[in-house]
Amino acid sequence: MPLASLEVGQHLYWQIGGLKVHGQVLITSWIVIGILVIVSVLATRKVERIPSGLQNFMEYALEFVRDLTKNQIGEKEYRPWVPFIGTLFLFIFVSNWSGALFPWKLISLPEGELAAPTNDINTTVALALCTSFVYFYAGFRKKGLGYFRKYIEPTPVLLPIAILEDFTKPLSLSFRLFGNILADELVVAVLVLLVPLIVPLPVMLLGLFTSGIQALVFATLAGAYIHESLEGHGEEEEAH
C-alpha cells in the first residue's frame, strides 16, 4: 500500500433520526464497552475471599482507581466519584490500547476505516463535556447557588477570566487526548508502510506507554477539577 493511500478524516456516516453520526466510532466504542463488561462479569462471577487470576487483576485496577480518586479529591469526599473516574480511566485506557494492539484496519468498511474511539475528536470532546458537567454538578450539589460566587470573588473584574477558564478546561482535555492518540497511530502507520518489520516495534511499545499515560492524565485532571469545584479557591487557601 503506498504512503499516499493513508487518509485522515474519512468516515462511515449513519443517519439516526435527524442526526448524522460517525458509524465507525460507535462500532469501536461498543467493542471497547463490550470488552470492559465481559471482563467485569468474568472477574466477579465467582468472587473468592482470596482473589486470584482475573479477580485479582480487577481488584488491583479498582484499588488503583480508588487511590487515584482519593489523592485528587481527598479522603472525605472521594467515594461518590470513584465510579465516574474509574469509568473514564478504563474506557480511555482500553480505547487507546485497542488502537495500538487491535488490527482495526484489517476490517473493511464501505467508507473510512476503524480506529481507536479516542482517535476521533467527537469521542474526546464528549468525554471532556461529561467531565465538565460532572464538576459543575459536584460544586452545585455541595454549595447550591453559592457555587457561582467563585466567578465574582475576590473581585468581579475576574469574571471574564473565570468564564474563559471553564471553556478552556474541556478544550485542553479533548485536544490533548485526541492529538496524542491520532499522532501515535499515524506515526506507526507510516513506519509500517516504510519499514514493515522491525523498526515500528519500539514505536508501538512507546505508543502503549503513552496511551496509558494519556488515560491517567485525563482521569487525574478530571479528579482535580472535581476537587476544585467541591472546595473552591478560597477554601483551599484557608485549609493551607
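Cβ coordinates are placed from backbone N, Cα and C, and glycine is handled just like the others.
Counting same-chain residues at least six beyond the ends of the transmembrane segment (23-43), those with a Cβ under 8 angstroms from any Cβ of the stretch are 11-14, 54-55, 57-58, 90-91, 94-95, 98, 104, 109, 112-117, 120, 122-123. What Swiss-Prot lists as transmembrane segment is 23-43 (among others).
Under 8 Å from some Cβ of the transmembrane segment (82-102) lie the Cβ atoms of residues 28-29, 31-33, 35-36, 61-62, 65-66, 68-69, 72, 115-119, 123, 127, 130-131, 134, 177, 181, 184-185, 188, 204, 207-208, 211-212, 214-216, 218-219, 222-223, all in the same chain and six or more residues away from its ends. Look at Swiss-Prot and you will find 82-102 (among others) tagged as transmembrane segment.
Annotation source Swiss-Prot lists transmembrane segment at 120-140 (among others).
The transmembrane segment annotation in Swiss-Prot covers 186-206 (among others).
Summarising the annotation, Swiss-Prot assigns transmembrane segment to 207-227 (among others).
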